[in-house]
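Everything on this sheet refers to the single structure shown next.
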Amino acid sequence: MTKVLLGFMGVGKTTVSKHLSMHCKDMDAIIEAKIGMSIAAFFEQHGEIAFRTIESQVLKDLLFTNDNSVIVTGGGVVVLQENRQLLRKNHQHNILLVASFETLYQRLKHDKKSQRPLFLKYSKEAFYEFYQQRMVFYEGLSDLVIRVDHRTPEEVANIIEGY
C-alpha cells in the first residue's frame, strides 16, 4: 500500500523523503514538471483554484498507482474535499509530520529559496489561524503522527520505514 506524507508547509516532508530507502514521489516536483513552471509562478499567474485542480488530479493518479511508494504531498493537499476523501481511502497509511507553529514560522520566514505564496500573503497572526485550520484536516486524516521538532530527518525516516 502506498504511504502518504502529510504536513504543513515547511515541516520537512521533502527533506525527510530524501532519507527514505523507499521510492518517493514528490507531488510538488511532479506538478512543476507538468505545468512547466514553479508552483509560486503558477499561483501568481493562474490562482489557487487552478493549482488545486491540478494537485487533485496528480494525487488521484499517484494513489491509484498503489506501488508501495511514498507520496510526498504539498502542504495544501488537504484543502479540497475530494482530496480528503481520496486520503481517507488510504486509511492506515497516512503519516503526518508535525512541528510547532513557531518552528514552522521561523523555517518559512528564513526560507528565501521557496517563497511560498500562501506564507507571504498573511501576517503572523493570520498565518497562525491558517495553520490551525489546516491542522484539523491533517489530524483527521492521519494514522501515524510524528513530532519532528527535536528529531533529525534521518530519525523521522526510520520511524516511517518501521511503520
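Including glycine, each Cβ sits where the backbone N, Cα and C put it.
According to Swiss-Prot, the protein carries these features:
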BINDING   Gly10, Val11, Gly12, Lys13, Thr14, Thr15, Arg116, Arg151  ATP binding site
BINDING   Thr14  Mg(2+) binding site
BINDING   Asp28, Arg52, Gly75, Arg134  substrate binding site
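In the three-state DSSP classification, Val11 (ATP binding site) falls within coil. Taking Lys13 (ATP binding site) as the reference point, the binding-site residues whose C-alpha atoms are within 10 Å of its C-alpha, out of Asp28, Arg52, Gly75, are Gly75. Using CA atoms as reference points, the binding-site residues Val11, Gly12, Thr14, Thr15, Arg151 were checked against Arg134 (substrate binding site), and the closest is Val11. A gap of 13 Å separates the Cα atoms of Asp28 (substrate binding site) and Thr15 (ATP binding site).
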